[in-house]
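Read through the structure below, which is laid out as structure tokens, and then see the notes.
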């Protein structure tokens, strides 16, 4: 590919501050057919039929069969009312004739109905669930595919990874909900509604018309209730989600207080939700009972004036009520449809603000190497982003071989580009898979060859599982130099025409750098190469060097041409670097000297790394950096992470959590005992209402067959009683729900607070376990606590209500007719089963879809979190295949579940109608033998069935108690765990005046999560007070681990560490960490303002003056004041809105603000360009005065002036002394590192 021309004649907004107005549709039109932003957000949804646009022929067949089943099933209920009416007439009109004969005929009809409804309901449920699963799986795939097709700008601004994954798991579940069994349910309910009215009009049109007056009220009440509940629930969720994203590795206290604030809102919305539910149900019951009252009074009139029969009056009443109730029940379906339609439509607008380029032009001839240099934040990396088409310029164009980049097929052009960036992104997969991303179907030989070329083969072979070793989430298991070489191998395997190197070697120590540089030089031959670099030595040999300053190109030419102008920008940059002559290269380890050091640096606070509990998604949110899925030293390359990821998200940890006695939960709820008592009384009353309703109905039936004058009197009387019952319901329900909601919400709040406090104080090693990744913990806090509430409050309410229902029902039945009561009692469980299945169906069988797709979302998560890498390697297809594979399991489960649910549903209907047939037949026999009267039969029948209905409905609303117990166990597992290294532990001594004398005595150490790799063997080191000690050594030698141990992120396995002669284990942990200021290579900033980030150093209570003083000392004040919002500027998720040098200076200010006695610098300047480095180094030199300083570094300039230089190799210190002494040891380790340096320098 010959030349590349970048012509950006006007301005280009910068990638990271990229807030741009995208006129482009969101997820490319596929899921949003109706993409035009319709000014008002409310109506953004796709037409319903569009949800099914991914159905194939099999799905269409399933949908047709499912629809027929649903309609058939819906008609069963109205038919049942007809048969019931016939039964009543059979008994009422044949009180002395041959009852048995007439009733048997009707009973037989019930049996036919049983068979019919069983078949219909099986088809309805099974077909819809299966087709829903299949289409949703297809949508999930397409969604990921479209997401992977977005331009990168979309990811910078619009969505954080958590959101995309949330959509992925959440929205597709909503869509699936809207197109699966809910459709079947909706059709069933609608046909019940229609059928009910058809029957009612045939049997008695006048009565039906009168009754219809109450329908609008019923429908409204039902709908209003379900809407309110849904709205409340989402409000609670939001309040909670906010809490979850409180970045939690600030001062623990601060995190806890923030978290508590959010929990109060969640608590209030919980209580309101309870009250709304109660009121809603109360109103519904009131309206139902009043409609009965109206029907009975008017029905009585009809019997007298229009010659209706009692059976048909009841038939009409029940048909109308069941019809209209079913319409009410359809409203949750409606809201599911609405939610699904809205979920299918999501669009992302944005705002352009900061200018990166204005009028920038550059041309790179084919096969040449162009280097871009300039200060941190000048826009160098943006050029690369434009060539990769992560963004399009807002004006001007980017041409390759004279063709506008936009003309090329995106995938094809990206295949021609190889990108190696400063922080390489690795996926949660084996090293082999990571390298293979470069090329589809790469053979092991090719992978090995690429690894050889990139100088990675040696360290890969040393790993316990070689190529099959897992690189953790974002590659956390490897040191930076190792990751970088894998990334280079990946680029080499791709064999690109254009090579883009964005600071590719900045993170390496001298030796790795030289080797990697050679590898790069080898592959750069005959390719067009664009290099962004801070270290000028890397770019001396470039054909063209372009100096960029604030978005403009100020100079260009070759190294020698540019040097000839002593006042040119390039010469100044060179001079800057000469000052730090040796800084040039790295003599040292690289980024994460190993797995965990990564985690240390995360915590630039005095506090141990706290994961930011990111939105409860398994998400990359702010956490991905520190979840180390780890192969627990398993002998093979078992990918531990994948399963554990899924498991933890779903269930409590795999180790069997001990059973939690309910007593313990109840104890947590102790302060709310008065609330619970009132709630319980209300529940008792509530339980009795249904059986009483049964008595009333049977009395009414009896009065329908009385002489006219009695009939008139009685119907009036019973109508009033019905109204009284309604009012009672209206009063009792809200109070029951309200009091239980208060108690339950308090409990949740209490549990979440205790739990969060525990998590914040866990030692870092605990988080290394994938089971404790931030996502898993976020889920545990949000979901489990809510489930537990069900166990205490809601379960109690139900239990009381059910017991009182059962007792009342039995008492009434046995007093009326004990023989029939016995017979029906045997059949009751069958009716109960039906009621239970019915309500479960109302809630939806496919509720667990979200859980099952957890593993798949992990794949999506990774891909989205590192979209640049996926995009530049055209790995979209690969990700898709992996994703599809992960979705297969859940989809099969879903389909199997559909079939099972279908069978269950069918059987339950069959049992229900058979039970009716039997009990009426038995009743007829009893009447015939004079053992009972006809009104008693109905009293027994209705009292027991109503009790059963009440019980089964309330039981199925309840959450599965086994689930709640598991959740409780998982929460208590956190609450009961003692942190091995707990910052809140006030015990331990403090030292009045810290001198800062540190000694390590015979320390041996292995990371708890990788017990098979020894980091230190018997290492000893003394650091004198006020002196600077520099640690050098190869990548992965354990230099950063020293810093981790000093901060007590981990404790050594043997040996001990002292501060001023006192073992650090004996010192109070918080105090110890406050004595240390850590500045690491990739500082982690919270998604908050710059001011807040600096203040974090002092637990958030630094004064304005202290903040500014610290910023000035860290050379940050100037750039901060230059930002649009100054100190109020937000830094973005993980600090993405700032350039590396800017982040680093904010981190230094944060470390200085607490004026620590001991300064820990972990590669603090490796990621900076010469100018920023000098500025930052100055800042560090200023703050190092009179402080004990431990430096981990690989640029010699940083180390040269140290009082002691210690060389770490194979877990021990092999040399130590001053620069002058060590440099003269012939063949010494230090001398050879320096020599390497120099050769790299002059190369």
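From the backbone N, Cα and C atoms, a Cβ is placed for every residue, glycine too.
TrEMBL: automatically predicted annotations, no manual curation.
Checked against TrEMBL, the range among 525-580, 581-636, 637-692 recorded as region 'Disordered' is 581-636. Checking TrEMBL for transmembrane segment across the ranges 779-802, 851-874, 875-898, 899-922 points to 899-922. In this chain, the transmembrane segment (60-84) lies apart from the transmembrane segment (275-298): fewer than three C-beta pairs between them fall below 8 angstroms, excluding pairs fewer than 6 positions apart. Long-range neighbours of the transmembrane segment (110-130) within the same chain, counting only residues 6 or more positions beyond its ends whose Cβ lies under 8 Å from a Cβ of the stretch, are 62-63, 65-66, 68-70, 72-73, 76, 79-80, 83, 180-185, 187-188, 841, 845-846, 894-895, 897-899, 901-903, 905-907, 909-914, 916-917, 920. With pairs at least 6 apart in sequence, the transmembrane segment (673-697) and the transmembrane segment (806-833) have 3 or more Cβ pairs within the 8 Å limit; the two touch. Within the chain carrying the transmembrane segment (673-697), a Cβ under 8 angstroms from the stretch's Cβ atoms is held by residues 285, 289, 718, 721-722, 725, 728-729, 732-733, 735-736, 738-740, 742-743, 793, 796-798, 800-805, 808-809, 812, 938-939, 941-947, 949-950, all 6 or more beyond its ends.
The largest share of C-beta pairs under 8 angstroms with the transmembrane segment (717-742) comes from 275-298, of the ranges 186-205, 275-298, 899-922. Confidence across the domain 'ABC transporter' (342-575), taken as the mean pLDDT and rounded to a whole number, stands at 77.
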